[in-house]
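Here the structure comes first, spelled out in C-alpha cells, and everything after it is commentary.
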C-alpha cells in the first residue's frame, strides 16, 4: 500500500491527516487515553513532550549563519500578528457590546473570542509547512512565536494590564530546547545532520496528539459563525502577514500565509482570562467554542492555501533552500 505517497499528495498531509485522525478519536472516544494508559496515553496526550523533542531537533538543524534570517522572519511574523489582533480589538470594541453579543445569529461573538483566535499562531503547523515549502531558517522562524503563547498577549491587547504577570523563566523554558539543539548542531556538524533527520519523523506524532485536543463537535455548537470566524482569521491576519513577509521578512509571502492560523493553545485563553477577570466568565464558554472551531478551520485551510500560494510563487524544494542557506544536508523533504 502506498500510504505515505497518498498522504504526500495532500497539502500539509503529514501534519493534517494525523491531526484529523486524532480529532476523530477524541470526538468519538474521548476516554481512550485514560482507558489504555501507559504508552498509548503518552502518544495520545503527549503534544508537549513530542513538540519539545521536535523543537530541539529543529534548533539543531539550523546553521549559526542563519540566525539573522530566523530572528528577522520570526520577529516580523510575531509583531505583525500581534499588531493585527490589536487593531481588530480596537475596531471590535467600537462595534460589539463590552462582553459580546448574546442573542441572534452572532450570539457568542466577542472581542475576547476575536483576539484569542488571531493573536496566536499554530507554530507546529507553520513550521511543518515551512519544512515543506520554505527553508530550514523559515521553519525555525517560530522561535519567537512562544511570546504569543498563553493569555499574556491577549490580555495586553484587551487592555487588561495588571491582571496577569509574565514570568521570564517561562519564556526561557519555551525556547531552551531549541537553544540547546541550536548549540549542539553548531558545535558538531555530525550532530546537526543526525538530529535533522528527526524533524519530519516527529511531525505526524505531534499532529496526532494535537488532534486529540480538538472535539469536532464544536463546529456543531458554534455553527456557521465559528466557520466564518475561522475564514476571517485567515483573511484578516493572512493578508498583512503576506505583505510583511515580502516587505520586511525577505520572503515571498509563503511564510506569512503559513502563519495565518489559530494556535491550539489559544482555545484555553478565554477560560484562563475569565479566571483572572470574572467579568469575562459569562462569555468564556462561547468564546472557547469559537476559538476551537477556528483551530479546526485554519488547520484544514491554511495548509491548502499555503500549498497553492507556494506553487504560484514557484517555491524551490526545501533541499534547494538548505543548499543555498547553509550548504548542508537536510532531512528528506515532505511533499
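Yeah, the Cβs are placed from backbone N, Cα and C, and that goes for glycine too.
Annotation source Swiss-Prot lists transmembrane segment at 10-30, 42-62, 77-97, 100-120, 141-161, 163-183, 200-220, 224-244, 254-274, 289-309, citing sequence analysis.
The transmembrane segment (100-120) makes contact with the transmembrane segment (224-244), as judged by at least three Cβ pairs under 8 Å among residues 6 or more apart in sequence.
Taking residue pairs at least 6 apart in sequence, the transmembrane segment (77-97) and the transmembrane segment (254-274) share three or more C-beta contacts under 8 angstroms. The transmembrane segment (77-97) makes no contact with the transmembrane segment (289-309): fewer than 3 of their CB pairs lie within 8 A, with pairs spaced 6 or more apart in sequence.
Ranked by number of Cβ pairs under 8 Å to the transmembrane segment (224-244), the listed stretches 10-30, 42-62, 289-309 are led by 289-309. The largest share of C-beta pairs under 8 angstroms with the transmembrane segment (10-30) comes from 200-220, of the ranges 42-62, 200-220, 289-309.
The list of residues near the transmembrane segment (200-220) in space but at least 6 beyond its ends in sequence, with Cβ under 8 angstroms from a Cβ of it, reads 14-27, 30, 33, 43-47, 50-51, 53-54, 57, 124, 128, 131, 226-227, 264, 267, 289, 292-293, 295-296, 331-332, 334. Residues 22, 25, 32-33, 70, 124, 127, 136-137, 139-140, 143, 177-182, 184-185, 191-192, 195-196, 198-199, 202-203, 205-206, 208-210, 212-213, 264, 326, 330-331 of the same chain sit 6 or more residues outside the transmembrane segment (42-62) yet have a Cβ under 8 Å from a Cβ within it.
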